[in-house]
Every structure is written in structure tokens, then in C-alpha cells.
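What TrEMBL annotates here:
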| type | residues | note |
| --- | --- | --- |
| ACT_SITE | Ser151 | active site, charge relay system |
| ACT_SITE | Asp228 | active site, charge relay system |
| ACT_SITE | His262 | active site, charge relay system |
Amino acid sequence: MSFETKGTIADFGGKLLKLSHQAKSTNCEMNLNLFLPGSASASKPVPVLFYLAGLTCTGDNGAEKGFFQAKAAEKGIAVVFPDTSPRGLKIEGEDESYDFGSGAGFYVDATKEPWSKGYKMYSYITDELPAALFGHFKELDGNRVSITGHSMGGHGALTLFLKNPGKYKSVSAFAPICNPSNCPWGEKAFSGYFGEDKKDKWAEHDATELLAKYPDNTDILIDVGTGDNFYKQKQLLPENFEKAAKAAGKGVKVNYRDGYDHSYFFISTFASDHVEHAAKYLLKKR
């Protein structure tokens, strides 16, 4: 599958590519950003960190405001910034609210009509997009991949990691929706994409429910701001995830960052820590 390069921007000794391609899983053209460090080449491919953005975001937000590239360039790691949902499918209601439909794919494969016709972000992120990227860009090492994300994207990072043992070398998250089955955002999304009565499907995409089923130990890094209104409103529920980790004997470190909110000021402050966390596993000698 070929990509169209819509822009190339010099960035920390490497380049940030503005890309688009036709995706079968989402039934539309998908835009994304790809940061290639200066050290990347076909003869020496570099490992890859996927950054999944949150509600209302596109593939531009993390690339332009997240400040991942400086540390990624230093470590020799590529960063992929995908979009958060299909766009323009002409489904009734897809643009009516910020937390469902456009910009709010929740990294699941919808099973409920009409959303099942294109809202397949789980398949897109885990299968179609990486296959396309690693087939097209020989500078990328498809055997060394980690994942991180923010808010809805933090939920995506945690669940994709936990549902696919061995696929990702590491996972981390900024203010993730840790227990979507028990918060308003998740209840709305899962009811719409799966159905109110499909609680078994909800559990399949809930990090707090999935953690105990993960076959290996974990080293999961999470940062949450204590000034985050969504944390205060119980949309994120990291404490439920910590409780599940303790019960399952899994390694989870949650840093409660005093005074920080939910914004990209928060993400950019701690982005280097998350790239370092990924580098610990992506650059491990094999």
C-alpha cells in the first residue's frame, strides 16, 4: 500500500513526514505523521514508537505539540502519530459530539451498525497501518515496536499491548482511560460501538479487566496530573488499574504529577520519560 507524502519537515536532525493513504479497515483516506530520525536508513532500520492521541485529536497533535522528537532523535527511534478515527464516512451522528464518532474511535473494532462499516481502529492500528508502514518504509524495523498514548489513546495503548502479548516491546500512557467500562466516556463509546448489553465486548477492551489475563509480567509506566479535571471527574480511574495490578502481581508505576492538567503542556513535560521507557526495551541487545 503506497503513501502520499503531503509534507516533509526538517526536525531534530531527521524529518517529519505528513502522510496519507487509503485504508480498507476504516474505509477512507487516513492521515498520519511519521518522524524518522537522522540515523534511520534502509541498511540500518530503526525501532518504532506508536503514539495514540486522545479525543478530538488527529495525527498532528502529538507530532506538533508532544515534544517526542528530541529524545526520539537522540535515541534513534522513529515515532508514528496516527489519526484517532475514520473521517467523512457520512454516518448519521458521527460529527455531533466530541466523545463519540469522528475523533473518538476508541481504538476498537465496532460491531454495532452503522459504526461497524468503518470504525475499525483496532484493526487499523494493530494490523493494516503497521503492515503498510513496514512494507513501504525500509528505514523502519517492524520487529521492534513499542506503544504509548494519551487519554483515549492511553486506553488504546494499554489495551493493544495487553491484548497482543509479544507484539509491542513496551507500553506507557499519559492520563489514560484505565477502566472505560466504569466511566462516562467509555460507557458512551462502548454502548455505541458494541451495544449496551454487550458487556463481554466491553471487557475485551478494558485495560483494568485485561491486566490479569496478560501472561507475562509487565513494566507499565503511567503519568497522571493531579490538576487534571478528567482525573477528578473519574473519567480516568488509574486507581482501579493500580488495584488490578496489585491483585494480579503485575508491574505498574503510576506517577501522580502535582498540579499538571490534561493538556499537551503535561504531555510535553514528560514525553522524554516515555521515550526513555520505550528505548529501554526497543534498544535492548538481542
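Here the Cβ of each residue, glycine as well, is placed from N, Cα and C on the backbone.
Counting every protein chain shown, 26 other Cβ atoms lie within 10 Å of the Cβ of Ser151 (active site, charge relay system).
Distance from the CA of Ser151 (active site, charge relay system) to the CA of His262 (active site, charge relay system) is 8 Å. Between the C-alpha atoms of Asp228 (active site, charge relay system) and Ser151 (active site, charge relay system), the distance comes to 11 Å.
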